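What TrEMBL says about this protein:
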{"type": "TRANSMEM", "residues": "A:23-48", "note": "transmembrane segment"}
{"type": "TRANSMEM", "residues": "A:77-95", "note": "transmembrane segment"}
{"type": "TRANSMEM", "residues": "A:107-125", "note": "transmembrane segment"}
{"type": "TRANSMEM", "residues": "A:131-151", "note": "transmembrane segment"}
{"type": "TRANSMEM", "residues": "A:158-180", "note": "transmembrane segment"}
{"type": "TRANSMEM", "residues": "A:207-229", "note": "transmembrane segment"}
{"type": "TRANSMEM", "residues": "A:250-277", "note": "transmembrane segment"}
{"type": "TRANSMEM", "residues": "A:289-309", "note": "transmembrane segment"}
{"type": "TRANSMEM", "residues": "A:316-335", "note": "transmembrane segment"}
């Protein structure tokens, strides 16, 4: 045994290195978000130069730029940013809590539950605005509770919860389809919002309630998320170290469900953002932490880029963003399913 | 254990100029159940302060359950666990964690976490929402790495380590917590014999140098007899015998507890009881010599 006496300062150095990495990952992702956000304000049917965009934001635009930037592009870009953050965070929290990369709200039916409730509100009761947000939130919570109750068998195992969630998701999707057909929704675009998510025609009516919700939910989630890393050590170890495991977990579940709910209310369940953001965020952070902030930024980046591409794809005008994220996310989901099963955990 | 490591351990008691106060942990009429099935039927147990207690017994006797109960990981269905004479369930969880450390049977390391990161998690109970990481935390982590001989692994990913190394890292995390009471649930499982002995030596060093009260659930009877100051034998949810190994270990008690014939000799290495099991095969004479 040749152990050296250990230098205390090397611990401090290791920690400093970790911090530098964290800061550079978050900084790099933020920069990317800012760039794509700016691009989506500049580029459109007509290109508006960055100085003009900035002066318009400062309240000195022409009538034309005021309309294009403030009424069309800004709310859409903000919706993309915030929905990305919400889905990214929600997915990362679920994946960490259930210790399973498949456990994101879009796979286990939370987003579908929110969708179904929103559709019920719109088609069934003719509601609009903040009432839809509230209803979607309720739908997400109700779905989560139903899932938990069905999966409960002397405690809840991650895998059973996911399977029950996938089943519920299918059921809720058929509920959505039923409302669509019975309400004679003639505009396919409108219907598609609630099935795969879309950012077209998003305006301040969706952005404001989302902004208010996120101002509350994001800080709460990030603060609780500091303890989420401790839960990764297993319940017994975490409790032994003084973590109030049950309370933290309940708080995080509610926050993550609410995030998925309010995001869905704004733009529909933008497919697979929640599934993809967490693993990418974690692999960038690479420190075994839940990497909530990187995941949130990755989510924002995915939605912003996907919507930018969707808006500017030749021959396919008005391609819903969810179709694009779905096209990227579905192969990843298949790969993840195949990989998990070959690891022998699929039973 | 190296010279430096031993000195580093000794430093805990002397550096800050006081001998740590001895905290006490006891069970009173403790009943523990999973679902509706009662596993532990109202036991009284006091961990002798500053000593190493080993809990042994056959599979399913409730020894791990007892340890989880003592560590407040499982709420009693009856009776109490007393920390310093106070019902442990009335003390805030984090406050308990500054005094009482537990290393569960199957701890989980998050993917990709490094040894330093994992050991640093042991400082959690000493941090508040507002108290930042400070020099004392660095020092506690460095010391934990040193005494467990894991310093040279500090930048490696926990997942890439061997079983023996990994177990030492978990012990390091528990040591970084700097508690006066330390409970370990079968810490030697999956370790080869040399690593088992090394781990128990390490814990004994900790006990002797810092006066840490240690309780270990252990499978290996002979190692338990050798390393225990106080031995607790459990069977079917009750304590059958407790005391020093020399006092209580007889062929009779072992046969009763484990349902197995055996001989008990004196271990020539340590002058403690040495249990030789007698099965149906490979015996030169038919009966027990004692």
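Numbers run from 1 along the shown chain.
For all residues, glycine too, the Cβ spot is worked out from N, Cα and C.
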Ranked first among A:77-95, A:131-151, A:158-180 for CB pairs under 8 angstroms with the transmembrane segment (A:107-125): A:158-180
Beyond the flanks of the transmembrane segment (A:289-309) by 6 or more, those residues with Cβ under 8 Å of it: 25-26, 29-30, 32-33, 36-37, 39-40, 43, 76-77, 80-89, 91-93, 96, 199, 218, 221-222, 225, 228-229, 232, 270, 273-274, 276-278, 280-282, 321, 324-325, 328
Surrounding residues of the transmembrane segment (A:23-48) on its own chain - C-beta under 8 Å, 6+ positions past either end: 56, 65, 68-69, 72-74, 76-77, 80-81, 284-285, 293-294, 297-298, 300-301, 304-305, 307-308, 311-312
Beyond the flanks of the transmembrane segment (A:131-151) by 6 or more, those residues with Cβ under 8 Å of it: 105, 108-118, 120-122, 157, 160-161, 163-165, 168, 172, 209-210, 213, 253-254, 257-258, 260-262, 264-266
